[in-house]
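Chemist: Got a structure for you, written out below as C-alpha coordinates; questions coming shortly.
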(Lines of atoms letter the chains of each structure in order from A and count residues from 1; the text may use other names and numbers.)
(Lines give C-alpha, C1' and ligand atoms only; values in the text may rest on other atoms or scores of the structure.)
Protein backbone atom coordinates (compact mmCIF):
# COMPACT_ATOMS: atom_id res chain seq x y z
CA UNK A 1 0.00 0.00 0.00
CA UNK A 2 1.47 3.29 -1.09
CA UNK A 3 1.78 5.91 1.57
CA UNK A 4 2.05 9.54 0.63
CA UNK A 5 5.08 11.36 1.94
CA UNK A 6 4.44 14.58 3.76
CA UNK A 7 7.23 17.11 4.25
CA UNK A 8 7.20 19.84 6.86
CA UNK A 9 9.01 23.13 6.56
CA UNK A 10 9.41 23.24 10.30
CA UNK A 11 10.79 20.22 12.10
CA UNK A 12 10.09 21.56 15.60
CA UNK A 13 6.35 21.07 15.93
CA UNK A 14 4.29 21.07 19.11
CA UNK A 15 3.18 17.77 20.50
CA UNK A 16 -0.52 18.39 19.81
CA UNK A 17 0.11 18.86 16.09
CA UNK A 18 2.19 15.66 15.93
CA UNK A 19 -0.58 13.69 17.58
CA UNK A 20 -3.17 15.15 15.23
CA UNK A 21 -1.06 14.29 12.17
CA UNK A 22 -0.42 10.77 13.47
CA UNK A 23 -4.15 10.11 13.86
CA UNK A 24 -4.95 11.54 10.45
CA UNK A 25 -2.28 9.45 8.70
CA UNK A 26 -3.02 6.15 10.40
CA UNK A 27 -6.76 6.55 10.76
CA UNK A 28 -6.72 4.93 14.20
CA UNK A 29 -8.47 5.98 17.40
CA UNK A 30 -11.40 7.60 15.61
CA UNK A 31 -13.97 5.98 17.87
CA UNK A 32 -12.02 6.95 20.98
CA UNK A 33 -11.67 10.53 19.75
CA UNK A 34 -15.42 10.75 19.17
CA UNK A 35 -16.19 9.57 22.70
CA UNK A 36 -13.69 11.99 24.21
CA UNK A 37 -15.21 14.85 22.22
CA UNK A 38 -18.67 14.04 23.56
CA UNK A 39 -17.33 13.94 27.12
CA UNK A 40 -15.62 17.30 26.68
CA UNK A 41 -18.76 18.83 25.21
CA UNK A 42 -20.82 17.56 28.13
CA UNK A 43 -18.32 18.99 30.61
CA UNK A 44 -18.47 22.37 28.87
CA UNK A 45 -22.27 22.37 29.04
CA UNK A 46 -22.15 21.55 32.75
CA UNK A 47 -19.66 24.34 33.43
CA UNK A 48 -21.76 26.81 31.45
CA UNK A 49 -24.89 25.76 33.33
CA UNK A 50 -23.17 26.33 36.68
CA UNK A 51 -21.87 29.68 35.49
CA UNK A 52 -25.31 30.85 34.43
CA UNK A 53 -26.69 29.96 37.85
CA UNK A 54 -24.22 32.23 39.65
CA UNK A 55 -25.84 35.52 40.80
CA UNK A 56 -22.65 37.47 40.11
CA UNK A 57 -22.70 36.33 36.47
CA UNK A 58 -25.92 38.18 35.75
CA UNK A 59 -25.52 40.86 38.36
CA UNK A 60 -28.36 41.96 40.58
CA UNK A 61 -30.98 42.26 37.87
CA UNK A 62 -34.44 43.66 38.17
CA UNK A 63 -35.88 40.18 37.82
CA UNK A 64 -33.86 38.81 40.73
CA UNK A 65 -34.81 41.77 42.91
CA UNK A 66 -38.49 41.66 41.99
CA UNK A 67 -38.57 37.92 42.67
CA UNK A 68 -38.31 38.78 46.36
CA UNK A 69 -41.86 40.09 46.15
CA UNK A 70 -43.09 36.71 45.01
CA UNK A 71 -42.01 34.97 48.20
CA UNK A 72 -44.78 32.75 49.50
CA UNK A 73 -46.59 33.98 52.60
CA UNK A 74 -49.27 32.34 54.70
CA UNK A 75 -50.73 35.53 56.17
CA UNK A 76 -54.47 35.90 55.71
CA UNK A 77 -55.98 39.00 54.05
CA UNK A 78 -57.81 39.72 57.31
CA UNK A 79 -54.54 39.85 59.24
CA UNK A 80 -52.82 41.93 56.58
CA UNK A 81 -55.61 44.51 56.73
CA UNK A 82 -54.76 45.13 60.40
CA UNK A 83 -51.27 46.26 59.42
CA UNK A 84 -52.78 49.44 58.00
CA UNK A 85 -54.12 50.43 61.43
CA UNK A 86 -50.68 51.57 62.57
CA UNK A 87 -47.00 51.00 61.97
CA UNK A 88 -46.80 49.51 65.45
CA UNK A 89 -49.41 46.93 64.48
CA UNK A 90 -47.36 45.95 61.43
CA UNK A 91 -44.17 45.52 63.46
CA UNK A 92 -45.93 43.39 66.07
CA UNK A 93 -46.59 40.67 63.47
CA UNK A 94 -43.71 38.57 62.14
CA UNK A 95 -45.27 38.25 58.68
CA UNK A 96 -45.78 42.00 58.69
CA UNK A 97 -42.09 42.58 59.35
CA UNK A 98 -41.15 40.07 56.64
CA UNK A 99 -43.43 41.71 54.05
CA UNK A 100 -42.21 45.18 54.97
CA UNK A 101 -38.59 44.02 54.74
CA UNK A 102 -39.15 42.59 51.26
CA UNK A 103 -40.69 45.89 50.21
CA UNK A 104 -37.75 47.90 51.58
CA UNK A 105 -35.35 45.67 49.66
CA UNK A 106 -36.97 46.82 46.41
CA UNK A 107 -36.19 50.37 47.51
CA UNK A 108 -32.68 49.49 48.64
CA UNK A 109 -33.34 50.71 52.18
CA UNK A 110 -33.70 47.47 54.13
CA UNK A 111 -31.00 48.61 56.58
CA UNK A 112 -33.63 50.58 58.51
CA UNK A 113 -35.86 47.64 59.42
CA UNK A 114 -32.83 45.39 59.95
CA UNK A 115 -31.43 47.90 62.44
CA UNK A 116 -34.76 48.16 64.24
CA UNK A 117 -35.04 44.37 64.51
CA UNK A 118 -31.43 44.13 65.72
CA UNK A 119 -32.18 46.66 68.47
CA UNK A 120 -35.24 44.71 69.59
CA UNK A 121 -33.15 41.56 69.80
CA UNK A 122 -30.36 43.42 71.61
CA UNK A 123 -32.70 44.55 74.38
CA UNK A 124 -33.40 40.92 75.21
CA UNK A 125 -29.77 40.26 76.18
CA UNK A 126 -29.20 39.09 79.75
CA UNK A 127 -25.48 38.44 80.11
CA UNK A 128 -23.05 41.42 80.33
CA UNK A 129 -20.64 39.84 77.86
CA UNK A 130 -23.46 39.24 75.41
CA UNK A 131 -24.51 42.89 75.71
CA UNK A 132 -20.98 44.06 74.89
CA UNK A 133 -20.57 41.76 71.89
CA UNK A 134 -23.96 42.52 70.36
CA UNK A 135 -23.62 46.25 70.95
CA UNK A 136 -20.30 46.26 69.13
CA UNK A 137 -21.75 44.24 66.24
CA UNK A 138 -24.70 46.63 65.85
CA UNK A 139 -22.42 49.66 66.02
CA UNK A 140 -20.04 48.32 63.37
CA UNK A 141 -22.83 47.21 61.04
CA UNK A 142 -25.27 50.14 61.29
CA UNK A 143 -23.85 53.16 63.15
CA UNK A 144 -20.19 53.90 62.51
CA UNK A 145 -19.16 55.94 59.48
CA UNK A 146 -19.07 53.88 56.29
CA UNK A 147 -20.73 50.94 58.03
CA UNK A 148 -21.90 48.27 55.55
CA UNK A 149 -25.55 49.08 56.36
CA UNK A 150 -25.23 52.54 57.85
CA UNK A 151 -28.56 54.05 58.92
CA UNK A 152 -29.34 57.71 58.42
CA UNK A 153 -29.24 59.31 61.86
CA UNK A 154 -27.95 62.69 63.02
CA UNK A 155 -24.33 63.32 63.97
CA UNK A 156 -25.08 64.02 67.64
CA UNK A 157 -26.82 60.66 68.11
CA UNK A 158 -23.89 58.88 66.47
CA UNK A 159 -21.44 60.62 68.78
CA UNK A 160 -23.38 59.66 71.90
CA UNK A 161 -23.44 56.01 70.83
CA UNK A 162 -19.74 56.03 69.91
CA UNK A 163 -18.79 57.33 73.37
CA UNK A 164 -20.88 54.73 75.18
CA UNK A 165 -20.05 51.69 73.06
CA UNK A 166 -17.12 50.70 75.30
CA UNK A 167 -19.54 50.19 78.20
CA UNK A 168 -22.92 49.71 76.54
CA UNK A 169 -26.27 49.27 78.24
CA UNK A 170 -29.54 47.86 76.96
CA UNK A 171 -30.60 51.44 76.20
CA UNK A 172 -27.53 52.46 74.19
CA UNK A 173 -29.42 52.43 70.89
CA UNK A 174 -32.81 53.68 72.10
CA UNK A 175 -32.50 57.16 70.61
CA UNK A 176 -31.22 55.90 67.26
CA UNK A 177 -33.92 53.24 67.14
CA UNK A 178 -36.67 55.77 67.77
CA UNK A 179 -35.26 58.03 65.03
CA UNK A 180 -35.25 55.19 62.51
CA UNK A 181 -38.72 54.11 63.65
CA UNK A 182 -40.13 57.56 62.90
CA UNK A 183 -38.40 57.76 59.54
CA UNK A 184 -39.94 54.45 58.48
CA UNK A 185 -43.35 55.30 59.90
CA UNK A 186 -43.69 58.62 58.08
CA UNK A 187 -41.97 57.61 54.85
CA UNK A 188 -41.55 53.95 53.86
CA UNK A 189 -44.60 52.67 55.73
CA UNK A 190 -46.95 54.97 53.81
CA UNK A 191 -45.56 53.81 50.49
CA UNK A 192 -45.75 50.20 51.61
CA UNK A 193 -49.51 50.50 52.19
CA UNK A 194 -49.91 51.64 48.57
CA UNK A 195 -47.56 49.08 47.08
CA UNK A 196 -48.49 45.97 45.12
CA UNK A 197 -46.72 43.96 47.78
CA UNK A 198 -49.33 44.96 50.34
CA UNK A 199 -52.35 45.26 48.04
CA UNK A 200 -51.87 41.70 46.83
CA UNK A 201 -51.78 40.48 50.43
CA UNK A 202 -55.03 42.12 51.47
CA UNK A 203 -56.71 40.93 48.28
CA UNK A 204 -55.47 37.39 48.85
CA UNK A 205 -53.76 37.25 45.47
CA UNK A 206 -50.30 35.86 44.71
CA UNK A 207 -47.68 38.56 44.52
CA UNK A 208 -46.06 39.26 41.20
CA UNK A 209 -42.80 40.97 40.34
CA UNK A 210 -43.11 44.74 40.02
CA UNK A 211 -40.95 47.40 38.48
CA UNK A 212 -38.24 48.54 40.83
CA UNK A 213 -38.10 52.11 41.95
CA UNK A 214 -34.83 53.81 42.56
CA UNK A 215 -33.82 54.49 46.12
CA UNK A 216 -35.82 57.41 47.42
CA UNK A 217 -34.27 60.52 48.89
CA UNK A 218 -32.80 59.81 52.29
CA UNK A 219 -34.79 61.77 54.83
CA UNK A 220 -33.30 62.76 58.15
CA UNK A 221 -34.97 62.89 61.49
CA UNK A 222 -35.21 66.69 61.23
CA UNK A 223 -37.64 66.32 58.32
CA UNK A 224 -40.17 64.88 60.74
CA UNK A 225 -39.20 66.50 64.03
CA UNK A 226 -42.46 68.50 64.11
CA UNK A 227 -44.60 65.47 63.35
CA UNK A 228 -45.94 63.65 66.38
CA UNK A 229 -46.41 59.92 66.12
CA UNK A 230 -49.82 58.50 67.01
CA UNK A 231 -48.26 55.27 68.28
CA UNK A 232 -45.78 54.52 71.02
CA UNK A 233 -42.17 55.10 70.02
CA UNK A 234 -39.83 52.24 70.79
CA UNK A 235 -37.70 53.44 73.67
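Cβ atoms are placed via backbone N, Cα and C, with glycine included.
From a predicted model like this one, the values you see are computed outputs, not experimental measurements.
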Chemist: Select, from 64, 109, 216, the one residue given the annotation phosphoserine by Swiss-Prot.
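Modeler: Swiss-Prot records phosphoserine at 216.
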Chemist: Can you tell which of 34, 218 Swiss-Prot marks as phosphoserine?
Modeler: 218
Chemist: Which whole-number mean pLDDT does the model give the domain 'RGS' (86-202)?
Modeler: 96
